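Features reported for this protein in TrEMBL:
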- 1-15: compositional bias 'Polar residues' (COMPBIAS)
- 1-22: region 'Disordered' (REGION)
- 30-54: transmembrane segment (TRANSMEM)
- 74-93: transmembrane segment (TRANSMEM)
- 280-305: transmembrane segment (TRANSMEM)
- 325-346: transmembrane segment (TRANSMEM)
- 353-373: transmembrane segment (TRANSMEM)
- 402-423: transmembrane segment (TRANSMEM)
- 443-466: transmembrane segment (TRANSMEM)
- 472-493: transmembrane segment (TRANSMEM)
Amino acid sequence: METQSTKPWGTQGVPSGSEPRSENRKMMSLFISVFKIPVLFLLLYTFVCSLDVLSSAFQLAGGKVAGDIFKDNAILSNPVAGLVVGILVTVLVQSSSTSTSIIVSLVSSGLLDVSSAIPIIMGSNIGTSVTNTIVALMQAGERDEFKRAFAGATVHDCFNWLSVLVLLPLEAATGLLDRLARAVVKGFHIQGGEDAPELLKIITEPFTRLIIQAGAHTFPLAFAAPLQIHLDKSVITGIAMGDEAMRNRRFKPADSHLMPPWFLLPPGSHLFVDSTMSDLAIGLLLLATSLLVLCSCLVLLVKLLNSLLQGQVASVIQRVINTDFSYPFSWLAGYLAILVGAGMTFVVQSSSVFTSAITPLIGIGVISIERAYPLTLGSNIGTTTTAILAALASPGEKLAPAFQVALCHFFFNILGILLWYPLPFMRFPIRMAKALGERTAKYRWFAVVYLIACFLLLPSLVFSLSMAGWRAMVGVAVPSTTIMLFVLIINILQSHRPHLLPRKLHSWDFLPVWARSLQPLDALITRVTLNCHSLHDNTQPPEVITESGIMPKKQH
């Protein structure tokens, strides 16, 4: 029977490792532990490389579609449509920096004004959190690990959605972010500088460019000539700006410049350099392969971390990461975590990489949800600083609008943090993420439904309604919002002030079971899954154990 997880949300208990052991066994254990450390770094390196290839695969498979979405500037002037476009495009290309660079190009060329770009920036902030949610699915095998990992991943989603729900209407009514960014640009004499440093890519590119050469920039190595990377992202930007000639252009490069001599490969060599496959076919192939590698690395990482982080080692690490400072400075620990998250994201130059890397640590209980939350907020700040540095590298005539868009992204995250972090009772994203974690631990299929609904179905529905006109949007949004607010208020009163409610509203038991529980849907999904399995194996479907009891198999 599927039961509610009863383990606490804090860090996971670990074996004490205090059993007496002989000297030989101690030496062998020490040797194995030392050997596991380079294996751990190798798996982490492969994990990050697979994320890089995954991003390239999404751009190959969906980049031109993303360009088409950006093409209609009349649609982008609608704030709600702009928000959805930002979500969908970032999900398609798996990179908020890519979608942001397209937005900067559109603003710099005059095809899009800054006020219309702000909702798209907000959408890209939401879309970038899909990666670590996918990573959390890989820990579905163990119920309590899955609960913590999914909550740690979705705390990012919850923060972004709540920030958008408050700041998008505020921006539409007052232009707050636009005004703030414009004031900063006017108030300081800002000159162009060097491009944002690509510290992580110096390590990962030598491997990932053997598979597909992705990017459109140069970066220096201390021991090699500058490398020219070509997955031509200007194709997406060109389509977005209405250049139809770009539609027939390939993402995959036909040539390349210098390769490091230690590669021992001819210039321009990579796995698909002579391939006649289309961009879509290459993208889908890389997508499947990178997901397989990603899942394998994650499973092995979790097992290796579980074996390493035992006994006193785990206790020390958990105390260092999750313990607050002594009173009266206990509040400083969270802000220090925000700085750590921002710094680490600046180093790896990708919020997706950082949040995906800490997701398995949350799952195994090394990092608590309460500590993961400020780390994630810091990651949001870190990814905007790299965008600001990239904007400062723009040419003189494009510097002001590019910098203004990057600042809008920065201020959006700063205001979101000010809303949902300083006051403990306002940290709704933590409570929302824990509720999602409990739900997915009970019904594991809910995680897939959540992923599809939040990042595809819901944005598509909102986009369709916004295109149908404000009457349709209001006609659906007002009743839906009213019902959700009513249910939320009743739930809060049921938990804290039941005496204020009529007796009938003390619980939702008066509603039919399908309206108050996922159990009937869970039973249906379980039955369909088992029937499919039995048809494959030519066996009779077994009994289905549900929350309400046993559903017997059909009699023939």
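The chain as shown is numbered from 1 upward.
Glycine is no exception: its Cβ is also placed from the backbone N, Cα and C atoms.
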Among the ranges 280-305, 443-466, 472-493, the one whose Cβ pairs under 8 Å to the transmembrane segment (30-54) are most numerous:
280-305
Please figure out which one of 280-305, 402-423, 443-466 racks up the most CB pairs under 8 Å against the transmembrane segment (325-346).
402-423
What else in the chain is close to the transmembrane segment (472-493), if you only count residues 6 or more beyond its ends and a Cβ gap under 8 Å?
80, 465-466, 500-501, 505
Remote residues contacting the transmembrane segment (402-423) - C-beta distance under 8 A, at least 6 residues beyond either end:
100, 103-104, 107-108, 114, 117-118, 121-122, 125, 159-160, 162-163, 166-167, 176-178, 180-182, 184-185, 190, 334, 338, 373-374, 377, 380-381, 384-385, 387-388, 390-392, 394, 429
